[in-house]
Amino acid sequence: MGSFPLAEFPLRDIPVPYSYRVSGGIASSGSVTALVTAAGTHRNSSTAKTVETEDGEEDIDEYQRKRAAGSGESTPERSDFKRVKHDNHKTLHPVNLQNTGAASVDNDGLHNLTDISNDAEKLLMSVDDGSAAPSTLSVNMGVASHNVAAPTTVNAATITGSDVSNNVNSATINNPMEEGALPLSPTASSPGTTTPLAKTTKTINNNNNIADLIESKDSIISPEYLSDEIFSAINNNLPHAYFKNLLFRLVANMDRSELSDLGTLIKDNLKRDLITSLPFEISLKIFNYLQFEDIINSLGVSQNWNKIIRKSTSLWKKLLISENFVSPKGFNSLNLKLSQKYPKLSQQDRLRLSFLENIFILKNWYNPKFVPQRTTLRGHMTSVITCLQFEDNYVITGADDKMIRVYDSINKKFLLQLSGHDGGVWALKYAHGGILVSGSTDRTVRVWDIKKGCCTHVFKGHNSTVRCLDIVEYKNIKYIVTGSRDNTLHVWKLPKESSVPDHGEEHDYPLVFHTPEENPYFVGVLRGHMASVRTVSGHGNIVVSGSYDNTLIVWDVAQMKCLYILSGHTDRIYSTIYDHERKRCISASMDTTIRIWDLENIWNNGECSYATNSASPCAKILGAMYTLQGHTALVGLLRLSDKFLVSAAADGSIRGWDANDYSRKFSYHHTNLSAITTFYVSDNILVSGSENQFNIYNLRSGKLVHANILKDADQIWSVNFKGKTLVAAVEKDGQSFLEILDFSKASKINYVSNPVNSSSSSLESISTSLGLTRTTIIP
């Protein structure tokens, strides 16, 4: 079957929609009348003929069919007239056939715009067949009727403001257009004459001067100017209903291509920006529900969207928290650091910059092809590094060589070495502002000022190795809590100042207190364990200790008393965490289990009874609220993030649990099944180390991302990371090193040698394409 041809003018033959129809009449206006008159008289025509049907008129449809068929004659533009029937007389009005509309007059003599095809009106039109035009035209302008002489040759009339509604003058054409000749260009002169090109000096005043400009042969009018004036005249003098009718006629006579262009233009400009049309608070709330990928895309949608997003403090705060770059409780601290780092930026800009930096770095962490910049620094004299702290851009390590070494994580260099202990350093805790506390096998606790590079206080009192320590703060007082192999915990107040003047006598410091009685910072001793205290954790006034006697004890350091004894493990306890937000205690043991204890409501645990110790009555709880199983060997390591509780064991496995309900979330195994010696976790990343293995996991996808970054290390002793920087204490070829990995930079590895007894560092940089070559230490 053949396809139907598409109409060239799709809207021409459709009925006028109801909302665009008009009824009744309108009073004649000078400017509109001038436009109608000019439209009729401006067309060049040598003759005019009345074509009539049996009733003396020709149907417009027949005329259009003839024009479409074509007669082979050259038909120049002509004046077309519509015959309007009245009871008493017939009046001819100029019309424009190209707009398929005409001016009609009702019984009151008022002009009315109607649709010719709908009203079955008849036309009196000029034809170019050489017949004579009527000698007289009766033109009805308003109520009055005027007779206009129509000679065989007619010149365009010059119409003044007073002539529009009262009379129409005719003139003689001196140079009539020859039949078949092309129409004159708007800028061309009449034959035999020369007309200089000059801009018109006439001023259009919304009356028949518009027609005067149209008819003018000696002036050049800007098309835009003329269009604006015509539109203004129509818009100011036509009622809205008639104006809509006229617009529809204009659109109806556009061809398919023009309609398509117009439709696209209308569609594009009718689009509505929902976000900017809403109140700012509601728009912001909508953005708060978007993920960061959508937020980044929204920044490029429009300037308004970009402004809303960029200037919103709450939005960037929400993104930082929701993407796990900062915890809700840590936001204020982050905001303070950012204000110090970017003092000239607004809060919104600081938060936005921080978020974008974190996103960029996280993508590098998650990219298995990304190789971070690696810097290797000389470690301790022994191969084993026992403890590591990474705070305030300080990386601090302790070892059995009795030394504490401090590195700068920003500049990736060794800073200084702290000496003073007479035994191995097994416990470290960074306080604030460069203050460090250490515990040693020499049974002492030392307080250090890193900025001044010296020890400020020495606390004595333990009878055996200080194996663990923590710092808690309660009512603006910071307490040092230490656990020892002598089965006790000691509590000291942390000195508020280093007490070392800038130019003091060095031999007077550190301040050494040989006995607790003479120590003004000593608070007391906590007794209750029957074996070595292996782990301690606390917050505020609550401290939890775990011992080789298989029990945990919950202490109140403000009152220096025991609160609860937690029994349930069947073997030594190696790690414990006090979850102060949920008021729970978490412990890991050699019995391969992890146990959860509810300290807010002790009746949620096992059987509860009361026991007494040397100080005060103490509740004894037999059995935990939850017991987590899955490991098959000693569980020696625990860490808690906002989302996950993570445990690591000697069976080479790492398991993740939901921090709220303790459901299983993930499980990883090192390929060599060697004991996990260290790991560190955030809500986005997990890093673990063991013998000959160092892994980085994407906790969002659950996939192993990196496994070969430190493949030249024989043993990973300790790891920690924050932001773009990961630090790892490792052993290679019987020596210890500190590795610094920068995930904001790629592919460059620095191998650095530091003289052990010097705070200055000699640097040697070697770059490799993959960063996997073994370290060569420069002597």
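Cβ from N, Cα, C; glycine included.
It is 82-85, from the ranges 82-85, 582-585, 614-617, 754-757, that Swiss-Prot records as motif 'Nuclear localization signal'. Looking up S104, S117, S765 in Swiss-Prot, the residue bearing an annotation of phosphoserine is S104. Looking just at the repeat 'WD 2' (420-449), the mean pLDDT is 96. Note: the repeat 'WD 4' (528-556) comprises 0 helix, 19 strand, 10 coil (DSSP; helix = H, G, I, strand = E, B). Helix, strand and coil counts under DSSP for the repeat 'WD 5' (568-598) come to 0 helix, 18 strand, 13 coil. Sequence-distant contacts of the repeat 'WD 4' (528-556) (same chain, six or more residues past either end, CB-CB distance under 8 Å): 464, 467-470, 472-474, 481-489, 562-567, 569-578, 580, 585, 587, 589, 597, 599, 613, 618.
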